[in-house]
Amino acid sequence: MSSHKADLNESVIIHPPGFYIIGFLNFPNISVYIIFLGGVYVVSVVFNISLMCIIAFDQRLHSPKFLAVANLAVIDVILNTSTIPGMIKTFLLKDNFVPFNLCLAQMFFHYFALSMESCALAILAYDRLIAICFPLRQCVFNTLPIMFGIVCVFWGYHLGLLAYSTIIMTRLSFCNSVRVFSYFCDYAPVFRLACNDYTLQWKMASLSILILIGPLTFILLSYLSILVTVFRMKSVGSRMKALTTCIEHLILVAVFYIPIMSIYFLGLFIKSIDPDQRVLSLSLASCLPPCINPIVYSLKTKEIRNRALALVGKNPNP
């Protein structure tokens with residue numbers, strides 16, 4: 001820690017009017033990328049809200065699995081809304097300034113949704129685990145009230161965790177640069193601008209990897225158990241039917257985890273990775289899954305696909 005940080009009077013907290021987001025201003029063909037993000041945002045909002053409405057208004061879809069799917073759809077809308085409109089505003093209005101309180105709000109909603117995304121995928125893995133490995137115990141371990149309780153526990157925990165993580169940012173003083181090298185008010189790039197001790201904020205940021213690794217570990221262990229159960233089935237048809245019900249979830253897990261984990265590990269082992277490329281890759285890794293998720297569930301889940309076709313009058317058996 002530099003000496004000027006150590007010498008700063010900790011009782012004096014200096015908050016700037018706001019921050020300047022500079023992470024993607026120098027990208028080549030930025031206008032093409034912004035148009036692409038606009039399309040991604042429209043698709044993600046329209047498809048996710050449509051998915052929520054289909055599940056809400058169809059009594060046949062009021063089951064633990066589709067409650068978990070609706071939970072993921074809500075999180076997807078929050079995740080993309082936390083960043084994409086701000087990026088579009090910056091490009092269209094040529095205004096990359098974000099007021100201090102709005103910066104903290106953006107930080108809170110983005111990381112809340114990102115952490116909940118991994119938990120939502122773990123909840124869906126739990127649903128598949130009970131359905132395939134303990135089919136006779138579903139009425140005990142995976143009822144609608146139980147699934148609702150699981151979802152509420154995760155929401156409560158992450159709301160509290162991210163509220164604390166965001167509130168402690170107000171303890172920092174910013175007396176030098178207010179230029180944030182990211183595509184939004186990113187947690188670590190902001191606290192690194194502080195001119196007093198940010199050890200506590202660094203520790204909270206370090207927990208983010210556990211928030212990703214924990215649910216991923218549960219997902220991998222769940223599918224290991226599912227594979228053991230499936231290969232014990234005598235009928236090939238039963239095996240295929242069981243595995244088919246997992247396809248859409250496995251696609252979602254791959255779409256979310258592979259890009260994010262790849263970027264983190266590349267940054268860890270390849271120190272010379274271009275900062276602009278890292279910002280671009282991270283923005284794509286966080287913005288694309290909320291767009292892809294509802295499309296995958298709409299196409300790969302028979303119940304949702306049939307209901308969607310019925311709404312547009314193309315299904316003779318709604």
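Every residue gets a Cβ built from N, Cα and C, even glycine.
Note: TrEMBL annotation is automatic and uncurated.
Now, the feature entries from TrEMBL:
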type	residues	note
TRANSMEM	30-54	transmembrane segment
DOMAIN	47-297	domain 'G-protein coupled receptors family 1 profile'
TRANSMEM	66-88	transmembrane segment
TRANSMEM	108-127	transmembrane segment
TRANSMEM	139-157	transmembrane segment
TRANSMEM	207-230	transmembrane segment
TRANSMEM	250-273	transmembrane segment
TRANSMEM	279-299	transmembrane segment
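Each of 66-88, 139-157, 207-230 was scored by its Cβ pairs under 8 Å to the transmembrane segment (30-54), and the highest score goes to 66-88. Three or more CB pairs closer than 8 A are found between the transmembrane segment (139-157) and the transmembrane segment (66-88), so contact between the two stretches is assigned (pairs 6 or more residues apart).
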